[in-house]
């Protein structure tokens, strides 16, 4: 238990730690890789001892990942111009990092007891909210925080995190955990805490995060009073989210024809059409590898003259998740990715089959958040997805041991 919870707490604040100690920035991904190795070693050991090593859904997931890798690597094999092989592997790892974390994490940590960590997580959540809130109030009198940009007429801040979006995600995860504890242990909803955190998310200034948090807040208000969430209510929540996120969505898909993010997405579709049914290949468009080893596809599709996409300044080359997925993996790869999303949701749901509907919803919410923001953000392949998946692992493992203890009594 101390090992898991220590890792989880580090992951939550890794962005802040990295700002002060930059070389620790590699630890997040090293943790994921370590969990993968631990899962492989455990599977080998259990196989030697005659135990079942992998579930049916695990087999389907593994096969899908292998097919996806073949789809992604074929264009690189067939073309003379491609990213270095190590960069291709790192790009593929980033694509399926969420899959590795969930399935390997549940397998490696399946027997740990996290029920005793509830008070610790509540204390840490309060410390996070109170320290950030106090920092903001002091900054109003004695400005010391560095403003990121201006949204809704106010300066936005990241409070030491690498980006306001990372800060907002951490606030959302803490709020989800507090609601989860209230639902699982039949306690009163922490409304004061949720409202305070909404203030922090608002100050971060990310419209999609604000829209999502408002929906989360509305759900927390109605949870104690209804047995099931009406479809009409889900529609209303969707409208609220779209309304608050509309500006960002429109700038992504229908904005200035010379704006980098929109160009990346539109060009990715053209690349997928030109290379049908494949894409450009791993590390060739929209990924970090395509930025570091400047991809020839930028000049081929006349993007090398766009500000933020030039060889000298490719700062925005990784700003669109779906541009990367569509452009590098093609339409076949997109289908495989959608299947992997479904398999992860199915895997999470399998661990929640005896839970109340609201508990199921709250456990799935961090992953739903990542999916909802994927058209306008890069959560799915950044370090943020590690926070999302660790939060889900924590809740699933907490539920597993709590239910086992109740059955024993």
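Here the Cβ of each residue, glycine as well, is placed from N, Cα and C on the backbone.
Database features (TrEMBL):
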TRANSMEM  29-45  transmembrane segment
TRANSMEM  57-78  transmembrane segment
TRANSMEM  90-109  transmembrane segment
TRANSMEM  121-145  transmembrane segment
TRANSMEM  165-181  transmembrane segment
TRANSMEM  193-223  transmembrane segment
TRANSMEM  229-246  transmembrane segment
TRANSMEM  321-346  transmembrane segment
TRANSMEM  380-399  transmembrane segment
Should anything in the same chain at least six residues away from the transmembrane segment (165-181) have a Cβ under 8 Å from its Cβ atoms, list it; otherwise answer none.
12-13, 15, 118, 121-122, 124-125, 128-129, 132, 157-159, 187, 189-190, 193-194, 197, 200-201, 204, 206, 209, 212-213, 216, 219-220, 223, 359, 362-363, 365-366, 369, 377, 379, 383-384, 387-388, 391, 394-395, 398
For the transmembrane segment (90-109), what are the same-chain contacts with Cβ under 8 Å, counting residues 6+ beyond its ends?
4, 29, 32, 35-36, 38-39, 42-43, 58, 61, 65, 68-69, 72-73, 83, 282-283, 287-289, 325, 328-329, 337, 340, 343-344, 347-348, 351, 367, 370, 380-381, 385-386, 388-390, 392-393, 396-397
Residue list, the transmembrane segment (321-346) vs rest of chain: Cβ under 8 Å, 6 or more residues beyond ends.
57, 60-61, 64-65, 67-68, 71-72, 75, 91, 95-96, 98-99, 102-103, 261, 264-265, 267-269, 271-272, 275-287, 290, 297, 364, 367, 371, 374-375, 377-381
